[in-house]
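The next block holds one structure in the form of structure tokens; read it before the comments.
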Amino acid sequence: MVEAGGARRHRMTLESGDHTLTLFAYRTGPFRTILFYALTVLTLGIFRLILHWKQKWDVKMRMVPCTFEAAEYIYIIDNHNVSELQPVLRKSNATIPTENGEMRKVPELRWFVYRKLEYVWIDDLNSDESVDEISDNDNCWKTSFEIANRIPCRSLLAVSESNFGLTLSEISRRLEFYGRNEIVVQLRPILYLLVMEVITPFYVFQIFSVTVWYNDEYAYYASLIVILSLGSIVMDVYQIRTQEIRLRSMVHSTESVEVIREGTEMTIGSDQLVPGDILLIPPHGCLMQCDSVLMNGTVIVNESVLTGESVPITKVALTDETNDSVFNIEKNSKNVLFCGTQVLQTRFYRGKKVKAIVLRTAYSTLKGQLVRSIMYPKPVDFRFTKDLFKFILFLACISGCGFIYTIIVMIMRGNTLRRIIVRSLDIITITVPPALPAAMSVGIINAQLRLKKKEIFCISPSTINTCGAINVVCFDKTGTLTEDGLDFHVVRPVMSAVNQEIQKVKLEKSNRTEFMGEMTELTSRNGLPFDGDLVKAIATCHSLTRINGVLHGDPLDLILFQKTGWTMEEGIEGDIEEETQRFDNVQPSIIKPTDDKSAEYSVIRQFTFSSSLQRMSVIVFDPREDRPDNMMLYSKGSPEMILSLCDPNTVPEDYLLQVNSYAQHGFRLIAVARRPLDLNFNKASKVKRDAVECDLEMLGLIVMENRVKPVTLGVINQLNRANIRTVMVTGDNLLTGLSVARECGIIRPSKRAFLVEHVPGELDEYGRTKIFVKQSVSSSDEVIEDDASVSISMCSSTWKGSSEGDGFSPTNTEVETPNPVTADSLGHLIASSYHLAISGPTFAVIVHEYPELVDQLCSVCDVFARMAPDQKQSLVEQLQQIDYTVAMCGDGANDCAALKAAHAGISLSDAEASIAAPFTSKVPDIRCVPTVISEGRAALVTSFGIFKYMAGYSLTQFVTVMHLYWISNILTDGQFMYIDMFLITMFALLFGNTPAFYRLAHTPPPTRLLSIASMTSVVGQLIIIGVVQFIVFFSTSQQPWFTPYQPPVDDEVEDKRSMQGTALFCVSMFQYIILALVYSKGPPFRGNLWSNKPMCALTIFATLLCLFIVIWPTELVLKTLGNVELPSLTFRIFIVIVGAVNAAVSYGFETLFVDFFLLGYWERYKKKRSIEAIIDYVPTTNSDHIRRPSINGVTSSRTESTLLSAEGQQLHMTTSKNGKGGENPHSSALFERLISRIGGEPTWLTNPIPPHSLSEPEEPEKLERTY
């Protein structure tokens, strides 16, 4: 999408895949360029370094805005606010593709490269056109493969039929434009990586610090910091290099391929492939090196590398039924062979090879998109990181105050200029600890090692801290909450008037269609004849294939086929061989029953399963039939879809009742139907799918059991007890999802669930689809009183044929026709907890037609069913927008997009697609989720603790130095070394050794470093430490044996030893140990202190050593540390007592005031006030909505969404779903107000929101003022 004005404007918005890019055009100016280089030289490169850190300043400083026609650089900002500056490249007399894929010449080609994709400028604007006539497609940047986005299917078919391929000149032009077909991860030079690492702000500050220390003759610690920093830089570069090498080895692949060029088959390297090439697929498989469309035959591929689904998939050829349409990779995915997928087998024409036409190459392929998502991951948006820099800024402000104080005091004391400069700069290095980055990583590294021991692998360590803030977990159902496979339960055949005579079964009423009883076997011994249509449909309607003698395919198909006991062969046999060869059809599969050796059925045509169509079909031929044009279509799919395709006269009246009954008990249902076809082989191979998948005859239901994994219930209850919201996001039936949700604890059986549904085609007066709220019957057998005006059970209505026989009409023999649910009538149904469930189609309706309610529904819905992969991703992003920290757990099949979008994606698949998720568990169940969260909480608390410890250490040393600067003194090098190298370094290294607590706490840890509690803790400890040091500093000067410090005169060698310095050093030693113990938090997020045995040992040893240094210092100790002996033993004991009092006061302040009062009472009080404000805020009238501004139909105010999110989180924290939580008096009030906006008459039905009030955008300036 392009803003009006196209090339004549400076700014442009571009939709590129899943990202929205904002582009700005710039060019260099001579004056700005001269000024830039002058300032860089005058500041010795510091100015250039600052611009490197702030690229936006760099652009503003060096360049001037211009039109896109004159642009030399493009400044790009993505939807995560990550920016890049890329040069515009130009080439004269070049060729580019047109929309239909043909190449044409242009006077000049302009492009830039962004994240491995080339964006080409398309300029079709005539000079006489006005600005208003510029369309989105006339002038814009497009990727090289987005240009040819309207290739007609007939063009592809024509290329395939011609069998000529590209000419050498065409290949040369396309290779020049598209480039080589290689996914190459360039290894950046080691020197470049080293330089980039060194010039980061922290390391630049370290360079500044060690420079100051060397000038101050503090060489030992400076050298230690240099060594540690160099080691850290080398390790970081090594890890980056290792990841690049690993990624390159994983994705880089080239091999020889066969193509048709200029009518000749030839073998070339895969890196020479270009779009438009005719590719020959070998019969015994290969690794696809590009995205291509299959033109003939069928191909069996394994797409686990991209989707995580290890089940082989059958790809079919593009047919002429799409002749008039434009080819679309997403819609025609069943015809596309994706790069990186493994071709297992091809079924080819006799004497011919399977052909495919190359569509996309290199990074534009689906595999290339996955690689780019790994190379350029979504930045972790976590407040802790932002607060970290703000806190460092706070420390920098303190150091600024100390800087001014030092200059003033030292000028007053008459110090030399060099000493004033060195001491004032030294105070900055003391206040902002250079070792902070290394210390901060300790907790994350330890958590990562502990996760690895539990077979949970993390490729993004920075995500571990984010896991500590997780408050909602989304689970896929199949393979995640439930077992990966399905077990056969029963079949329910349909006995209709049409097939009674065939089955030789006499019913009481021959004109009725009804279900037979449950049958657990698919054999004649169980009442089903071996050649009954239901058995034949089950045996033939599947996508199984035989590879090396072994059946492969969807596990569900495999289970059902094996249940029939039939056999399958692939090849042409019998009388149909000649007919098949005549019409050049693909070799059919031969299905044979075991009970009759003479019978066999040939699968002539297969319509593969489509998630959008929710069904698959096959055309079957029986060679025993007299007529070769007597074929049968068998279809199977979701009960709803097959019902919509069936002749109503063949469907039992209680069909929906039976379907809902099974679904509510957690069974997965598959409906089966048939249709006789009067087609020959030629027509069967060419017929369109829509022409035959209609007017079907219902055959029955297959009932499959999807068992919940043994650990699922315990894990969900564990999360519920921890007040972590659990959400099911599944592609399965809504009622099946509800049943499994109840069984695994996401919805408690004793609680009522409400279904949010829509009725297609039923519109309100403003043309929007009506939404209804219905109460669901519990999966248990508890009886719920039906109130027709309050709740409509989904299984209470039945389908009855109309008297005219013209189809179904919904009627209800038990309750009234469904009516909207009002808030008043629902009031008595709402207890302390409630659950909402919604299906994907209804969710899509609400997103498009009622966008103002999306946030509220996402805050309270617990089951999202029939969700497509893109809807799963959309849901995760929606939860993130309303301030949830989201984890997504899936088995990799159709969950990749959601796993990538979540704050913490946890994959249960060991497929290569799992590299898109930060966490991968080798144990394929959800027990890893609480482990990841608990380790994340422990790491987060450790990061908080170690940061406050390092800040406390810096401020403690700052206070000590401020006292000594007053007398123109400073700590000796030995004292600094003992503090920095022994006490601080050792405690920082062992701080993160404390393991996570064995169970999840009911409340999450604090996530705001700049919260009142955190700031009060640091400032409070600073005050306590400052007071204690002042007492010791002042008391030392009052002793009768005290000798004042004599500062050096002019350039005299400075003797840093002093009694007051020794006294402050002695008491500060205990303070550093006290800070480590105070900030080393234990339960409920980390283990007890004694669980960290190394730190316990260090604490004991350091305390004893400090006592020895203070009370019984030897001559060696005095000389090494630079201490002055304090003559009085009583005073030395006094220092120890003061340290003990300091410990008691610090621990009491942290425990009683910070933890108990601020984090306990005060936080609960604020939450209570916020909930009361939310209840008063939620609007219940139509006018509330109309007043709220919107942009393109989406509410522009996020205030209500954020408040409702906080309320939704608080409801889950206050009321446990295990039934043991306390009553939440606000749950009913919020729910009633929400219901009044969903199905209540006050909002949607009697006074709905006018659509124009939601879709008319306001000017940005007005919106800003509204906010």
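Note that Cβ sites are derived from N, Cα and C of the backbone, with glycine treated the same way.
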Decide, relying only on Swiss-Prot, whether ASP216 and GLN873 lie on the same side of the membrane.
no
May I ask you to indicate which of 507-531, 582-606, 1032-1056, 1232-1256 is given in Swiss-Prot as region 'Disordered'?
1232-1256
Which residues of the chain, 6 or more past the ends of the transmembrane segment (977-997), have a CB below 8 A from one of its CBs?
220-221, 224, 435, 438-439, 442-447, 450, 934-935, 937-939, 942, 945-946, 949-950, 953, 957, 971, 1065, 1068-1069, 1072-1073, 1076, 1080, 1082-1087, 1089, 1091-1092, 1094-1095, 1098, 1102, 1121
At a Cβ cut-off of 8 Å, and with pairs 6 or more apart in sequence only, do we get at least 3 pairs between the transmembrane segment (1059-1079) and the transmembrane segment (951-971), yes or no?
yes
In whole Å, note down how far the CA of ASP891 (Mg(2+) binding site) lies from the CA of ASP476 (active site, 4-aspartylphosphate intermediate).
7
Is the count of Cβ pairs under 8 Å between the transmembrane segment (190-210) and the transmembrane segment (425-445), pairs 6 or more apart in sequence, 3 or more?
yes
Ten-angstrom check, please: count other Cβ atoms within 10 Å of the Cβ of ASP476 (active site, 4-aspartylphosphate intermediate), all chains counted.
27
At a C-beta cut-off of under 8 Å, are there same-chain residues at least 6 beyond the transmembrane segment (1014-1034) that contact it? List them, or none.
944, 948, 951-952, 955-956, 959-960, 963, 1006, 1008, 1060, 1063-1064, 1066-1068, 1071, 1075, 1078, 1135, 1138-1139, 1141-1142, 1145-1146, 1149-1150, 1153-1154, 1158
Which of the listed binding-site residues (ASP891, ASP895) has the least company, meaning the fewest other Cβ atoms within 10 Å of its Cβ?
ASP891
Contacting positions for the topological domain 'Extracellular' (211-217) when only residues 6+ beyond its ends and CB under 8 Å are counted:
225, 422-423, 425-426, 428-429, 973
Going by DSSP, how much of the topological domain 'Extracellular' (211-217) is helix, how much is strand and how much is coil, in residues?
5 helix, 0 strand, 2 coil
Same chain only, please: residues at least 6 beyond the ends of the topological domain 'Cytoplasmic' (998-1013) with a C-beta under 8 Å from a C-beta of the stretch. Say none if there are none.
383-384, 387-388, 390-391, 468-471, 718-719, 721-724, 885, 930, 933-934, 937, 940-941, 944, 947, 1083-1085, 1087, 1154, 1158-1159, 1162-1163, 1213
Counting by DSSP secondary structure, give me helix, strand and coil numbers for the topological domain 'Extracellular' (412-424).
9 helix, 0 strand, 4 coil
Under 8 Å between C-beta atoms and at least six residues away from its ends: which parts of the chain pack against the topological domain 'Cytoplasmic' (1080-1097)?
468, 934, 937-938, 940-942, 945, 949, 987, 990-991, 993-999, 1001-1003, 1005
Under 8 Å between C-beta atoms and at least six residues away from its ends: which parts of the chain pack against the topological domain 'Extracellular' (1119-1132)?
972-975, 978, 1035-1036, 1039, 1041, 1056-1059, 1061-1063, 1065-1066, 1109-1111, 1113
